[in-house]
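Undergrad: What Swiss-Prot records for this protein is below:
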BINDING   Arg8, Phe9, Ala10, Pro11, Thr12, Glu44, Tyr171, Arg189  L-glutamate binding site
MOTIF     11-21  motif ''HIGH' region'
BINDING   Cys100, Cys102, Tyr114, Cys118  Zn(2+) binding site
MOTIF     227-231  motif ''KMSKS' region'
BINDING   Lys230  ATP binding site
Amino acid sequence: MTSSYVGRFAPTPSGYLHFGSLVAAVASYLDARAVGGRWLVRMEDLDPPREVPGAQQAILETLERYGFEWDGAVERQSERFPAYAAVVEQLLRSGLAYACTCSRKQLEGFAGIYPGFCRDAGHAREDAAIRLRVPELEYRFVDRVQGEVRQHLGREVGDFVIQRRDGFYAYQLAVVLDDAWQGITDIVRGADLLDSTPRQLYLQELLGLSQPRYLHVPLIVQPDGHKLGKSYRSPPLPAEQAAAPLTRALRALGQRPPAELAQASASEALAWGVAHWDATRIPRCATLPEERL
């Protein structure tokens with residue numbers, strides 16, 4: 001079976017894959033393969049100072065050990081900086097973006113909503129971040145799992161950074177450009193990125209890019225409420241007996257694998273997942289406690 005579906009898994013090499021990463025990878029892989037679609041891997045290595053040496057290779061080796069097979073070459077955002085730079089220049093020339101010299105201290109107390117201090121200041125680009133002007137509009141989309149999401153960009157976000165003061169490019173810009181460049185039709189990822197999706201919709205609209213379908217899976221959280229992640233020293237995935245974590249990930253996604261699947265090979269566990277994938281079973285919630293899985 002062939003399909004126009006193109007999905008992707010885009011890990012950040014600031015650490016190794018953990019169980020939360022696996023849940024997102026399984027969801028994106030099965031959603032693509034269940035309809036005969038393509039599944040790409042992209043390294044979101046936008047922030048070299050935070051990258052852990054050897055993490056990129058370790059991530060790819062883990063995916064292989066866990067039975068994942070991707071299509072095409074692995075793309076890296078660090079190789080796409082000229083494309084990002086061209087769009088930043090375009091937005092600056094058109095007056096849709098501007099230089100911002102605000103420090104973190106100046107922005108304390110604004111709950112992450114940019115108050116517009118530099119919007120009409122006319123600062124030079126040197127030693128400044130670049131922010132995108134946002135409209136006083138509400139953006140909405142229907143997530144395949146989380147349902148309708150609404151966000152007023154002006155009131156809830158404010159003008160947001162597309163290039164940092166240190167010269168590195170912001171995730172919001174890079175992810176929109178790369179998804180369009182790679183022809184991604186369906187984005188399956190963790191619910192921690194649900195809130196940033198309206199900013200991406202605005203960028204897509206501004207740049208005349210097509211809008212993918214979105215599916216945000218619940219985040220796996222630790223007993224203290226923090227998501228499983230590299231920042232909280234979540235343990236890396238075990239190198240052996242991959243079918244057991246894969247089976248657990250299937251259960252986290254609301255699928256119903258037989259108990260004996262945990263003793264199978266990784267490729268058999270994923271093949272079962274492809275054959276039985278039902279995205280409507282994914283829990284409609286933002287978080288899932290790890291201890292309940």
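Residue 1 is the first one shown; counting continues down the chain.
Positions of Cβ are set from backbone N, Cα and C atoms, glycine also.
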Undergrad: Could you check what DSSP calls Pro11 (L-glutamate binding site) once collapsed to helix, strand or coil?
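TA: DSSP assigns Pro11 (L-glutamate binding site) to coil.
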Undergrad: Should anything in the same chain at least six residues away from the motif ''HIGH' region' (11-21) have a Cβ under 8 Å from its Cβ atoms, list it; otherwise answer none.
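TA: Counting only partners 6 or more residues beyond its ends, the motif ''HIGH' region' (11-21) has Cβ contacts under 8 Å with 41, 43-47, 50-52, 55-56, 58-59, 62-63, 190, 219-220, 227-230, 234-237, 245, 248-249, 290.
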Undergrad: Under a three-state reading of DSSP, tell me whether Tyr171 (L-glutamate binding site) is helix, strand or coil.
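TA: Where Tyr171 (L-glutamate binding site) sits, the three-state DSSP reduction gives helix.
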Undergrad: Out of Ala10, Cys102, Cys118, which has the highest number of nearby Cβ atoms, where nearby means within 10 Å of its Cβ, if these are the binding-site residues?
TA: Ala10
Undergrad: Report the residues of the chain - excluding Cys100, Cys102, Tyr114, Cys118 - with C-beta within 8 Å of the mean position of the site's C-beta atoms, for the recorded Zn(2+) site, in sequence order.
TA: Thr101, Leu107, Pro115, Gly116, Phe117, Arg119, Ala129, Arg131, Asp159
Undergrad: Would you list the other residues of this chain near L-glutamate - those whose C-beta lies within 8 angstroms of the C-beta centroid of Arg8, Phe9, Ala10, Pro11, Thr12, Glu44, Tyr171, Arg189 - in sequence order?
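TA: Same chain, not in Arg8, Phe9, Ala10, Pro11, Thr12, Glu44, Tyr171, Arg189, Cβ within 8 Å: Arg42, Met43, Val175.
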Undergrad: List the Cα distance (Å, whole number) between Tyr171 (L-glutamate binding site) and Tyr114 (Zn(2+) binding site).
TA: 17
Undergrad: Relative to the Cα of Cys118 (Zn(2+) binding site), which of the binding-site residues Arg8, Phe9, Pro11, Thr12, Arg189 has the closest Cα?
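TA: That would be Thr12, the closest of Arg8, Phe9, Pro11, Thr12, Arg189 to Cys118 (Zn(2+) binding site).
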Undergrad: Report, as a single number, how many Cβ atoms besides its own are within 10 Å of the Cβ of Pro11 (L-glutamate binding site).
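TA: Counting Cβ neighbours of Pro11 (L-glutamate binding site) within 10 Å gives 23.
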